[in-house]
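Participant: According to TrEMBL, the record shows the following:
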- 1-22: region 'Disordered' (REGION)
- 1-17: compositional bias 'Low complexity' (COMPBIAS)
- 25-116: domain 'Myb/SANT-like DNA-binding' (DOMAIN)
- 187-214: coiled coil (COILED)
Amino acid sequence: MPTTSESESQVTESGSSQITKRIGTKWSRDATLFLIDQWQKNLSKFASTTIRNEEIWKNIVKELEDAGFTGYTCKQAEDKWKNLRKGYMKVKDNSGDKSSGAARVTCTFYDELDEIFRKSPSVKPISVASSRNFKSLPATDTVDTDSDSDKDLLHQSKKKKTKLQKDTLALLSIFRDDANVKEAARENRHQQTLNTLNRAIDSYEVQMQKLIEKL
């Protein structure tokens with residue numbers, strides 16, 4: 001159960017009803033670890049363009065309650081997750097610029113968060129990520145007109161198609177990771193902005209798939 005910094009709750013009466021307001025809700029270590037685990041289990045849902053984040057957080061809060069961690073709201077759970085991710089990002093950035101002389105930054109749940117984010121391009125240290133330049137997809141090589149057989153031509157075509165597919169999927173992965181970073185940064189922006197971005201990514205993916213099929 002969450003604890004409070006001053007008292008368990010303040011209760012005010014309005015007619016025959018009582019309104020309970022929590023002050024300074026805190027998260028225990030066990031509740032935080034459970035929250036991290038639930039976010040990881042719902043990762044595919046957060047990446048979906050058809051499921052609202054609000055519904056996902058409602059389900060996570062229900063799982064918290066079922067596990068005995070009661071009293072948390074969807075907003076509190078979402079804010080806690082955003083703060084955890086920010087703390088992890090600060091550690092990653094601090095470790096990526098060892099020559100700056102900056103004080104060492106720590107994160108209590110770094111190991112658990114690193115299990116989720118370490119393979120994501122969006123959490124590379126800022127000093128590294130800022131120097132990354134997006135490159136256009138490489139042009140396919142010209143088919144050798146002097147090939148001795150149709151078999152050689154088919155082999156070259158398959159090879160080029162495979163490379164184009166890998167490059168396309170890698171680029172789409174970067175787009176999606178960057179979209180997740182932007183979502184965390186603009187906490188007060190309307191959900192419609194993220195939906196529009198995801199639709200643009202999906203449209204790009206469809207167009208690229210059509211291009212691949214034509215090869």
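Backbone N, Cα and C define each Cβ position, glycine as well.
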Participant: Against which stretches of its own chain does the coiled coil (187-214) lie, if we need a Cβ under 8 Å and a gap of at least six residues from its ends?
Facilitator: 49, 52-54, 82, 161, 164-165, 168, 172, 175-176, 179
Participant: Write out how many residues of the domain 'Myb/SANT-like DNA-binding' (25-116) are helix, how many strand and how many coil, based on DSSP.
Facilitator: 63 helix, 0 strand, 29 coil
